[in-house]
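Scroll down for the structure; my scribbles are underneath it.
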């Protein structure tokens, strides 16, 4: 009650923020005559002057009115488009590092130019992040005209560019690109061997377009760079054959709400018999069990033409939020291979993670982050908790005129689709354009078939027909036009109403099913009623829809019975609509917890990732790695000598063991023969440094490159192995909950211990390699072409040719021979991994 009264008297927090910006808007408007008097050639000169002022210490906030007024005038001259006052407010919200919620058609692309130009004055670069390559190229070319008019440079990052092109794009004042490309470039930079090979130049300021899609919808999917592993693909086919013989509810159960499939006791016994093993859950059968469960999920939780399609003999993922195809992106953990076996297409080798990061942790690296979207308010809590971003609702330039009708709810899908087809036919006959939103390719094609039978001409826009996306969406507002679009395909392209359509009521949005997120529903509605245009929307639902069936059916079914529904008769009751909205809120809360849990686990990895990447950057850029090598050596010798320094005289066995480790790790027998007594730690240190000194004498100026090569080589090898071990730890850590232990704390504790061990293995590995080098002829170029990992998940990079390897003193070790380090493991599973 008190909160309501406070809001009534003082306005909401959002209202108070916008009110504070009004005097600045007035100041910008007051500068308009001054900017109108400038000649075209004066604009780049002004920008150069502002840049100089920033270098001299003037704050961006003090310059905001002048710069915004200059950009507004530039917009008028280049595009004949003047920024509205509400767009100035949106620009200020972005500059302040907030999320600007602006309705469809309010000109988000133009709004971004204001803070982009202001922040580009620092010379540290501004990144504008979009959801796909098409929008990145379109906006860079379109808004690039304005930036070039002002004397600012523009780059664009899209799939297929080489490192030189990427470096040039990042070197520009303003860089457009997709979230995937920015994230992968960061990971790839941290796999490079020379500082001059890096393409990114830091993370200063980013504006994320469609911020809800990128920071929330895609936050459950980490970016992963991977290389092929050695596992055979035959096992996937075998497990697929077994799963086809299982019977639901007898051999396994499926929980669609939790998206899990589990074997029953009878199913376990049946599978053990078919595979020919005694115990499926024996540690020795963990690989078989894993592939069996993935095959079970592939057959029972993933649907063709909903979660993926088969195109040109490949399984291609369909983005559940946008309906777009995601070529090059693969499900991890063997699931994609299980789907390939299910669809009887070629099975690609499973990949091993070489580098990964979540979008949450990538975007939190920016000194300042802002975002734009038409729908963010429903996720304001998550934006604040995860990213410390506030959502500001920007008023529309003209009042909203769209009418949102109550949901029409039917008992069965058949009744619902019949009603939809009839409604479309009536609207088409009246000449009112209709945009039909579906949540799967399957539904869009079913409706298309129904409309063909009734003779209603229409366009279909889904992942199978995405080539003409912009063209189809642009025509969607024409008189009598019917467009069926999967989810939010076509976001970013305005639907302009054709002649005479306003008089007919504008564009009508027809939703065929509620999405599990209210925000996605609001995005679909938001395609109508842009810039004060008339419009309308209605969702058609049935009790058989996934959301109703899984999350709200019992209560809603009870309401239906009380209201006495008959076949084919819809119900339009606010009570039912509220029950559906509550079901959506439950799903949103569930998904938020999933994303938060992912972040909690990735925060552990993020701390480790930062340490490793800092080590790599130091190794790449340090003019002299000598002090680092001495520090590594001290740590190694401290560990080697620990058994012999307990206070008492070491036994003969202890002395032999220490000599053995000195020989293995430091190759000390190259300059010192084993004796009954151990050398002091200082003597051992001097001996190892003498080996390195000899290497420096033999290699001259190439010494630093050789040290760096082996340091980065060992670091990458150990980090790759550590990522795999952390994946395995994460997979099994949930079981700790049964032992009354917090899985997250256990993961953090054990992960830290594993990380400490890995750091030590890096130090050992560097000395094991360097002390065995015998130089015949070392060319610096041999170290400048370090082989990059072959397969890049999501982005598909190609491998470069590898270098000629330096000659070693030891005889060549076969991959299946015992490792010479003395671990007792095969070379390919140990130092040769």
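Every residue gets a Cβ built from N, Cα and C, even glycine.
From a predicted model like this one, the values you see are computed outputs, not experimental measurements.
Listed in sequence order, 106, 107, 110, 111, 114, 397 are the same-chain residues six or more apart from residue 87 (ATP binding site) with CB atoms under 8 A from its CB. The annotation ATP binding site is assigned in Swiss-Prot to 87, 105, 106, 107, 108, 109, 494.
Sequence annotations record features per position, and here Swiss-Prot assigns Zn(2+) binding site to 819, 821, 830, 831.
Residues or ranges marked as compositional bias 'Basic and acidic residues' in Swiss-Prot: 806-815.
Taken from Swiss-Prot, the feature region 'Disordered' covers 789-816.
Listed in chain order, the residues near the ATP site other than 87, 105, 106, 107, 108, 109, 494 are 102, 104, 110, 111, each with its Cβ within 8 Å of the site Cβ centroid. Secondary structure at residue 106 (ATP binding site), as computed by DSSP, is coil. Non-local neighbourhood of residue 109 (ATP binding site): 139, 142, 143, 209, each in the same chain, at least six residues away, with C-beta under 8 Å from its C-beta. Working note on the binding-site residues 106, 494: by count of other C-beta atoms within 10 Å of each C-beta, 106 ranks first. Taking Cβ-Cβ distances under 8 Å and a sequence separation of 6 or more, the neighbours of residue 108 (ATP binding site) in its chain are 90, 100, 102, 209, 372, 373, 374.
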